[in-house]
Amino acid sequence: MARRSRVAYIHDPEVGLFYYGPSHPMKPHRMQVAHQLILGYELHHKMSCYRPHKASPAEMRKFHTEEYIDFLLKITPDNMHEMADRMKQHNVGFVGQYDCPVFDGIFPFCQIFTGSSLDGAAKLMDGSADIAINWSGGLHHAKSDEASGFCYINDIVLAILELLKFFPRVLYIDIDVHHGDGVEEAFINTDRVMTASFHKYDGNFFPQTGDVTDVGEGAGKYCSVNVPLHDGIDDSSFEQIFKPIIREIIGTYDPKAIVMQCGADSLAGDRLGVFNLSVHAHGECVSFLKGFNIPMLVVGGGGYIIRNVARCWAWETAILTDSQVSNDLPWNDYWAYFAPSYQLHADLRGKDWTYSENQNTREYLENVRNTVLKNLRCLQGAPSVQMQQLPPALYVDMDSEDEDELTDDQKRVRDLERAIGEMELGWRERVEVEELAREGGREGGSGDETWIGE
Ligand code: V1D
Ligand code: CA
């Protein structure tokens, strides 16, 4: 019989206290509600539970620019009026008017959800967990120098950069209704990360990217997978397209770690989303990936009906911990949110919900699936981690410390080469450690487990 997965759950009770402002759809409070359902179902007894560290500015600078992090550190609702130029530069604005408002505690909020994803990645890398969960993470739109689509720091990119120190290939899968553009863009040129996003796409829907023809660039060609979908996709259509594509990706690319973004705005009845998925179908994607037994970091993302986000992420926590849970919700602090059914698998549609027919015809879905599968066949097996040749103009003496002799481009290449060198060393060391563990048997236990309570 298969061994039960060791699951690390990372949660900070303060993450639900941040507030994007009235009328903004993103409500961090949903994390607190999801957490209460997880506790109510006693799923915390099936996991090692951790409070995260707060990610430092230096950790964030591994992907984001120095200037952007400095700006996020400094900006507050009180001083923002003196920083109008920098706000425009980094795509943040006033509460109530913008996708990415400046709200109280914006930087500590970013530190918490980013620290949580980094801690999850660390648990997979030190081998103490097979699965790590951070429902507060998954902010897939953030770019290196700017905020986008409610996302300020891209915790996913930062976690993947960590995972690359130990795993030769990382697969990113995104089932949020929006395209995972920030993650795709960060790794567009490399074959060490494959990104796959399932999303609504019509050229207009935010962020307006993610056509099936976008497949990656340079060494990363065919390592970006985009599955553009139309309004109203239902459970069976989604399953029909998700499973064969993921099976082919895993068979061809042979990832050694997976990061899964479980944005819950792909559920039926979402305030921003236009899909028609049930909690069962959303969870089936998680269950399907779990079945491959590859170390996996699971993060949240969008989701704008609090009660449904909580239902979805609690159900997925049950799946990841191999737990049976009752359809009757456990008593919890937010009981009234779940009226009138008080059930886990309820009718997700609210009273102001407008129904959309499934506009994805069988022919359309077959066409998208065949195009994606054809592209994947161009990959011809799992890429190795060998370093790529540099154009001569960018060649640098890696050992040179003489800053004055190098152009800015050469300095950038030198820093990148050093970072990649460290990553290669990291995962080679892991192979050796794993070999030793196989020979001598590995110690169990997860070390610094902490009770996180309510
Ligand atoms: F409806 C709103 C009310 C207030 C503020 C913003 C919105 C809103 C809805 N949809 N904003 C959007 C999207 N933005 C635009 C641009 C603004 N216009 C000038 C064009 O359409 C952004 C949607 C972000 C979705 C985020 C996400 O669900 O993918 C997510 N994933 O992880 C975290 C968030
Ligand atoms: Ca997506």
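Heads up, the Cβ atoms here are built off N, Cα and C, so glycines get one too.
What TrEMBL says about a protein is an automatic prediction, not a curated fact.
Record check: TrEMBL places ASP176, HIS178 at the divalent metal cation site, and the matching candidate among ASP99, ASP254, ASP265 is ASP265.
Secondary structure at HIS178 (divalent metal cation binding site), taken from DSSP and collapsed to helix, strand or coil, is coil. Within the same chain, residues at least six positions away from ASP99 (substrate binding site) with a Cβ under 8 Å of its Cβ are ASN91, GLY93, ALA147, SER148, GLY149, PHE150.
It is 6 Å from the Cα atom of TYR304 (substrate binding site) to that of ASP265 (divalent metal cation binding site).
Annotation note: ASP265 (divalent metal cation binding site) sits in a helical segment as assigned by DSSP.
Note: ASP176 (divalent metal cation binding site) has non-local neighbours GLY138, HIS140, SER197, HIS199, GLN261, CYS262, GLY263, ALA264, ASP265, SER266, GLY301, GLY302, i.e. same-chain residues 6+ apart with C-beta under 8 A of its own C-beta. Around the Cβ of HIS178 (divalent metal cation binding site), the same chain contributes HIS140, HIS141, GLY149, HIS199, LYS200, PHE205, PHE206, PRO207, GLY263, ASP265, GLY302, each under 8 angstroms and 6 or more positions distant in sequence. Across the domain 'Histone deacetylase' (24-319), mean pLDDT in this model comes to 98.
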